[in-house]
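S.K.: The (6S)-5,6,7,8-tetrahydrofolate binding site feature in Swiss-Prot is assigned to SER108, ILE109, LEU110, PRO111; the stated evidence is sequence analysis.
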Amino acid sequence: MKIIFMGTPDYAAHILEKLLNTKNIEVVALYTQPDKPVGRKKILTPPAAKNIALKYGIAISQPSRLRDKETVAEVTSIECDYIVVAAYGQILPLEILKHAPCINLHASILPHYRGASPIQQTLLHGDVKTGVTAMLMNEGLDTGDILKIKEIEVDADEMSESLFSRLTEVASDLTIDVLENFVQYTPKIQDDSLSSHCKKITKQDGEVEFDNATAIFNKYRAFTPWPGIYLTSGLKLKKIELFEKESQNESGRILDIQKDSIIVGCKKGSIKVITLQPESKNEMSALSYINGKRLNIADTLS
């Protein structure tokens with residue numbers, strides 16, 4: 001079967017490579033986002049999916065707007081059986097949706113967490129399970145009919161990188177399953193009354209206050225490595241653990257100093273802070289930081 005693949009980040013790149021190494025599947029073209037400047041030096045960097053396509057010698061297109069007439073004409077001129085979409089970053093116009101069945105791999109149990117940050121939302125909400133949904137795309141955002149859902153459990157202390165890696169493997173296998181057994185699956189309409197939406201993560205989302213220890217820890221799980229979590233002062237909490245969930249404390253008060261960490265109170269619960277990073281400085285142990293600031297038990301970390 002012939003496939004047009006549309007995807008951009010690592011998640012998409014892994015799925016693309018799985019397709020390229022599967023018998024009876026031919027990826028005839030990749031559509032991905034344009035190269036973007038990255039880092040302080042603004043080095044023009046290709047998306048992860050493009051690197052895979054270059055490795056395997058696949059035709060690559062990087063339109064700024066998939067909706068442009070020229071791009072739509074180009075896509076619809078390519079003979080294919082399916083279009084597979086994974087974290088592409090653009091909405092597919094109706095003309096392309098009609099060209100071939102468009103199958104999207106979304107990293108949540110739809111209709112929960114439609115949108116740009118489903119993995120982070122899973123961790124922010126402390127969910128104990130998540131999954132990948134294969135769906136037939138329509139003109140809405142993650143609103144298409146569901147073909148199959150593969151669920152996995154989420155560990156209580158699992159970080160975003162680990163969950164991302166596991167969901168990527170699930171999505172890769174699910175893609176092959178759905179393509180090879182497409183006619184066996186009956187599309188199921190999503191229940192919009194159960195839907196929730198999630199936006200793109202910004203740097204500002206990483207700001208925390210010592211209100212709820214569980215919420216802080218979940219933000220840490222979701223936002224490591226980026227954007228990280230930090231106090232209003234700019235002090236970054238680089239490595240933390242949830243110490244306990246229920247105690248009531250003064251916000252930010254140092255409750256205990258241990259041999260490798262400090263225990264910081266929240267209005268509800270407390271966290272163990274192992275390393276910190278002040279603005280414009282390197283990461284350091286929490287002990288080194290409080291010693292430098294001459295902070296002790298009952299003082300406030302801020």
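Placed from the backbone N, Cα and C atoms, the Cβ positions cover glycine too.
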S.K.: Where's the emptiest Cβ shell within 10 Å among the binding-site residues ILE109, LEU110?
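M.R.: It is ILE109 that, of the binding-site residues ILE109, LEU110, has the fewest other Cβ atoms within 10 Å.
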S.K.: Beyond SER108, ILE109, LEU110, PRO111, what residues of that chain have CB atoms within 8 A of the centre of the (6S)-5,6,7,8-tetrahydrofolate site's CB atoms?
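M.R.: Other same-chain residues near the (6S)-5,6,7,8-tetrahydrofolate site: HIS106, HIS112, TYR113, ARG114, PRO118, GLY131, THR133, ASP142, ILE149, GLN190, SER195.
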S.K.: What is the one among the binding-site residues SER108, PRO111 whose Cβ has the most other Cβ atoms less than or equal to 10 Å away?
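M.R.: Compared across SER108, PRO111, the most Cβ atoms within 10 Å surround SER108.
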